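Contents: one structure, followed by commentary.
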Amino acid sequence: MVLIGLMGGKGSGKTTAASYLIDRLGFIEKSFADPLKKACKELFLLSDEQIYGTQEQKETPDDRWFGCTPRKMLQYVGTDLLRDYLDNIMPGLHKNIFTHHFRLWYRDLMMKNPHACVVISDVRFQNEADFIKELGGYLIKIDRPGIASDDTHPSEVELRSIKSYDIVLVNNKTIEEFYSQIISCVDNASQMN
């Protein structure tokens, strides 16, 4: 069993890294935002491209929803509604709706396949980083010089202050060199378990 969490700003290479782990190394991807994306896709009648597409597709205002972008919809529903307020009706949940959902899913997966390798591609909050470490996971921060975010949403701001990662991958060379760094991280993560 190997559990890897990926963190980094928009456009840093998290999706590229996760895709490599899935396609080349047989990892299973589970993001904290999976249930949120499914719910928002249905609620706001969003397309796959608006949810899972390019940065441009996620940032394009949707006139049906008064010019709100799919990214803003996900941020607001995920953080401002679910993460910050669900504890009001589920005391004890605190801000852990997405980690709690993952814990239930992961427990079921480990019972079925204790040797599964899992990548979480969207670590954005300290409680998520702490949760991955609690499960014995390996946390990779991906930094891509020249890609700066001016997004002031709490999910982007808190991400910048997390220091509990195991390693920083600097994504500033060729894709092959980036993949080589990922392989080294998997080797390190495998040795931890």
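Each residue, glycine too, has its Cβ placed from N, Cα and C.
Record note: Swiss-Prot gives Lys10, Leu36, Lys37, Lys58, Asp122, Arg124, Glu128 as dGMP-binding, and the candidate from Ser47, Ser155, Ser161 in that site is Ser155.
With Lys10, Leu36, Lys37, Lys58, Asp122, Arg124, Glu128, Ser155 listed as the residues that bind dGMP, the site has a largest C-alpha separation of 23 Å.
In the three-state DSSP assignment, the secondary structure recorded for Lys10 (dGMP binding site) is coil. The Cβ of Lys10 (dGMP binding site) lies under 8 Å from the Cβ of Gln55, Ile147, Ser149, Asp151, Glu156, each on the same chain and at least six residues away in sequence. With a cut-off of 8 Å between CB atoms and residues at least 6 apart in sequence, the same chain places Ser31, Ile51, Tyr52, Leu74 near Lys37 (dGMP binding site), listed in sequence order.
In this structure, the CA atom of Ser155 (dGMP binding site) is 17 Å away from the CA atom of Gly13 (ATP binding site).
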